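K.L.:
Feature table excerpt (TrEMBL):
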type	residues	note
REGION	1-20	region 'Disordered'
TRANSMEM	43-65	transmembrane segment
TRANSMEM	85-105	transmembrane segment
TRANSMEM	111-135	transmembrane segment
DISULFID	C175-C191	disulfide bond
TRANSMEM	253-275	transmembrane segment
Amino acid sequence: DDGDDGSLAGDMDLPTAEQDPRVWCPVPPKPGTFSQCVRYLAFFWNLLFLLLGLLALAVGVWGLLAKGLLGGERLAPLGSDPMLLFILVGLGASAVSLAGCLGALRSNPCLLRFFVGAVLAFAGLEVLGGLLLLAAQHRLRDALRDALLLCLLHYQEEPDLRFLVDEVQRNLRCCGLGSYRDWETNPYFNCSAPGVQACSVPASCCLDPWQNGTVTNTQCGFGALRLGDGVAGTIVHLGGCMAQLGTWLRGQAGGIAAGAAVLVLVEAASVFMALKVLRDIVPVGVRD
């Protein structure tokens, strides 16, 4: 009897972890079919955005290489180059999507938590940016005007800006900021310039910029600033792009709102799938 009592007392004195190790190291339940589907869907979902991010990164790097801006002698204007935006967006999207892919594929809680935090941070920045745009509409209009004026001044120096200005003027059928005479501020199109483009406007300002319907007539706007408004109106568009751009943006307000809503839904779906996978791989006792 004494031996039985001592043995019983010894068993009672054993630590809880030695009596039942599953109390401290709970075994997570095996994920069901739905959980497995969500896991692989999260992997392919993030893989798609990883490829898109790499594509944007490749476009940015290709643009810088094509213009020779990655050479040592031209590092100064790199920070103001529009291709840098593609590189930054590509790097950010690739890093976050890669964390989501590996986290879902390898069932890694750290990567999944990083992915969820990064997506929520991006969503917060987007909401903050939208509120700032709504609160500072007048300042935004002035900033846009200054940016377009800068594009006019550096039209001949930056191929990206030249392409952007030409597309805006050609699609909106406008010329300059307020009128076609704003091109006098450009040192190459000013009437006092020594080149052949003096007193001219770009070909994208012309009413009919095409020659034989297929080739751009680069000289259709030559000498337009020397003409009066009546005669110039038969060759180029007289109205500026600021008013046309404002009208176009107001007309695209519905599309912009729909795009923002789709972006929010995509981010929400990514977060919900990551949280579902995280909840399946992290037991409740360990999570606490």
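The backbone N, Cα and C atoms fix where each Cβ goes, and this holds for glycine too.
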K.L.:
In this structure, which of the disulfide-bonded residues C175, C191 has the fewest other Cβ atoms within 10 Å of its Cβ?
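P.N.:
Candidates: the disulfide-bonded residues C175, C191. Fewest Cβ atoms within 10 Å: C191.
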K.L.:
What residues in the same chain, six or more past the boundaries of the transmembrane segment (253-275), come closer than 8 Å to it by Cβ-Cβ distance?
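P.N.:
Here the qualifying positions are 38, 41-42, 45-46, 100, 103-104, 112, 115-116, 119-120, 122-123, 126, 130.
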K.L.:
When you scan the chain for residues with a C-beta under 8 Å from the transmembrane segment (111-135), skipping those not six or more beyond its ends, what do you find?
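P.N.:
For the transmembrane segment (111-135), the far contacts come to 46, 92, 95-96, 99-100, 102-104, 260, 263-264, 267, 270-271, 274-275, 277-278.
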